[in-house]
């Protein structure tokens, strides 16, 4: 810390109780000056020679035959006046970052300027401020902190403005050129890592972080902090991520940890002002700076303390730009009265809608290029949208167990995700299953509505197996699941049969292109014989696999829907009458295979659908 000593005489100010100060001297004091509750018995000459204000007040007191002078609203109080009085007497006084602002304001009040005497107190303090205080990082912050209690004097004397400019200028310095002290105790720092004064002769820390200044500035109260951050941003040299880190550190430093402390009547006004200021200071580029997790935490606090609508709307837009980075836990924002749900679903819905507005996607994304190549490029180019879809499906699963969650809100939030962003419906199916479990009194029409969100063609085999045995699903959905699962199995078998036929064609081509030489004919026939045997073995294995898949599909089918599915199967297979004997033989309906299998396996045990959710 920088300091300056003025005067050379020993201290002659003595105390008589708590409210009286006097100068020990052979000459009796001839004037009493009241500053607040303290009275100073001093001599006129030393003070009048340096203070124009006291000259006027003493002259007025003489006219009134009074020896008392009252200094009303004296900046800095008795301590600041004592510094000025000691300077007038030539008594040694030490100025530092903690008392220099009070001394400067007191000297201004007493008019201790160059007009009265050269080298007066105002001049000396200004030299000290400009040559030492404003050049020191920590002293500038201390002076700025002390200046608040001395408003409006400190503001009128431009001490506040000069401190802010000094601090902002130092934050913009290249970290490689920093030689002054700073505090850095966050997780990224080494334990107790503090850069000390006078490091020129010591080994300098290899790497100074870009956000080295953040913790020291966090000690400022919100009004001064706001002005400093505006000045830092106005320099245009600070990266948005560093600004975001500074705001996050400040929020952690000043915001209470508990909900009760945040919303308490004693502190809610202060906390509201603090959160609105932090939101106002967020980087202008909404795509950089703070993480989505931090922004969602700010939103939770903003709702609790009742921040203004403009601040909340700004947060919604910022969060939507980074929604793909969020977690389900971040989105679980408690609902406020008069909402009856556990979590604020409407807010999340607004954020999701804003996200897709930002990315210029509308909900009718089915009309976006239908070609295979276009669809593949779309998925590859918008991975963040896939992440958002996954996030919202998991969020739906979290809120589905809320008995007060209306079906319409569940459906609206689910439909806010475009189809292209949800290539697999397993997570959506899980959320719907939980909702059906917690809301058993839904009507059949409501069950059809919510289950209509699921595209059974986008369920994996595992999810299809679960859905086929789920008693909470409407029968029609179960039949659709089984039908498309069987179609998928049959398509796989047919693809394998096509591969076999391609192998036969290739073998015939080789036979036609064989040379006619007599010496090679025996060898070729021998090789062909081995290939024919391999083909027969492959066909036998495919036929067995087809029969096994059909029987496994039959086992999944509940007894009450078996007849309906059998009819659907017959209709579906009616298009394949013209197939080759191999294909038609491997494509029997599950009902034609089922009875034979059950007879050979003994008594049939009825399998009911169930849920494992």
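Glycine residues also receive a Cβ, built from the backbone N, Cα and C atoms like all the rest.
From the options 446-487, 572-613, the stretch TrEMBL describes as region 'Disordered' is 572-613. Each residue in the domain 'BTB' (29-97) has a pLDDT score, and their mean in this model is 92. As a summary of secondary structure, the domain 'BTB' (29-97) carries 30 helix, 19 strand, 20 coil according to DSSP.
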